Ligand SMILES: Nc1nc2c(ncn2[C@@H]2O[C@H](COP(=O)(O)OP(=O)(O)OP(=O)(O)O)[C@@H](O)[C@H]2O)c(=O)[nH]1
């Protein structure tokens, strides 16, 4: 056995045929810091790497066993090939002999002659000779031998080796491949564009381990649940002796919507689509107004900007499209519906304030969507404005300013006094240029619904952003479950237009119902089919309302891991203090294994808000809360969107529970059932009893014997039981919504106006 006495990273990397950088990256993912490629590895580190690169069938092997096993495998493969050739030769009634085949015209007949003459033969399979290294004369001789007629050949050979036979030669690979295909019946397997390793193995009817190993040999580390693309699958499949063909499933929607890729020649540059985000009062609306008012082109039709949900401005003869709804909520709501609308996010940060909770949210929302962030450091006119401080703070969120060697563009501006707005816009154009944004204007339009409403006079009205193609009056469009012919279009200046190309927002009239913001729209040619598709969509929605959606939930997590549905477990962490947010983030991310990567996409201090739920819904994330509660809006939308919110008081419990879920061992558990909430309207001290709260029951009921927690601004300040519950002077067992009550809380006198009293019981969860 080879003893690996503290090997270095680069040594192990070499053994696995990967780069040291890759291993360092893996360790970093697990929170292990490896300084450089010569860092020494502990046995546990090696085990970690080993278990990542091996699939679960093999994880009981040691490193030495694995390499020995690989060598065996290679040997066996060569043997099997040799055996197959032998059998093949036997079938044809010839001896297992040399294969000096440099021309396709060599017939079986000629081989037979060779056999009759009982020539000395050379097995060429074991040693491959580089043809280029053989001298050309020799090759020509060889070719001659094979090309001459059988009789001639016989004679020549009988003459006694006028042409000295070469020791070895190789068979051209393609020829070998062809022969193999001709003789062995190749099974054809259909594979879609993307398939998980496990599913692929099932289709090939081979153990998943075989596929994982083959991938490994090709330098691709993939676990069973990981998805590989068609090209990779066909490479692996063909290596394993299968014929891989693309599986194409054509739905009615596929037939109706033209989603074919554009050829590079058909693509023309398009203007960028930009959203403005940032903390409350940092100046988002002021910035949008400043941009709009300074860049309206006087002679353009209308002149006055209409509010249609988006507008375009011209800068240096180029245009920029701005979404008119500031804030990340609208942006994420759209993303939750599958729409990828924006290219660039301008993050507004007030220079006199700094990075605030919503700034962090905006950063994370933009990052989750893969959108480039440009920072507008606003309010630089104000006394106390400190752009350097902002830039410093940005670095904590992996936004390193360009001035400091990073790649985040930061532009100081004053939205109020319209200072440096042009500078900001130029930066937007610069980023857009680097992104090489393109679309094909010469096809039927596709895009996204930005806003919509029911207009008394005009009926359903939708502002759409054309993202590809050109939308024309008269086109039939499908948007979500709405369908119709475009009767009229109005641009952001209020002018009636006949057509709208890529990145152009227009208001459209003619749909039969109001679509939803974020719906994708297509212009189509076949109205009948369009109506039929819409009917089917409506039916599907009806059906889905009866069968619940497959969202990521902790209870179902293990099944989803097994099915390969979950590769990244996205988590949003909310806690009462920043320290807990960090601690939880780190501990949870450490739970990542080779099947699931735990990724905290957002973390923040404070109660769980609707915006958190929206991000969770858009990113298939679970929300983990520590000593915090969801506000009522968040609770309702989490229920509607089936977002799993997990609330804990102890970090350890969260880690334990998520780890157990990942392993499929979630123990039967008690889950709390919230009975109701009451808001504290007043408090008074009663001597000998303590502080009593006068509260109003907002929803559900408050019961005397249930457990209680006190929530202040979304944060739990106390958990315990009631010492008293009264309606006027009388003790009450419970008080229902709409009534007032007097509440005393055991061992807690710090109750304050505005606190929320939450009444709950623990119930066993049936699995
Ligand atoms: N001094 C100064 N004040 C500004 C500047 N930009 C915005 N303000 C002021 O800051 C306040 C908030 O600006 P808004 O544009 O409403 O901020 P917002 O981010 O859109 O706020 P919400 O819509 O509430 O999220 C207003 O009183 C603005 O006049 C600036 O550059 N300098």
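Note that Cβ sites are derived from N, Cα and C of the backbone, with glycine treated the same way.
Segment annotation: TrEMBL labels region 'Disordered' over residues 155-178 (candidates 107-130, 131-154, 155-178).
Under DSSP, residue 380 (GTP binding site) is assigned to coil, being neither helix nor strand in the three-state scheme.
Within 10 Å of the C-beta atom of residue 281 (GTP binding site) sit 14 other C-beta atoms, taking all shown protein chains into account. 281, 284 are the binding-site residues among 281, 284, 380 whose C-beta comes within less than 6 Å of an atom of ligand 1, given in sequence order. The region 'G-domain' (272-420): residue composition by secondary structure is 45 helix, 40 strand, 64 coil, according to DSSP. Counting only same-chain residues at least 6 apart in sequence, those with a Cβ under 8 Å from the Cβ of residue 284 (GTP binding site) are 276, 277, 278, 326, 327, 348.
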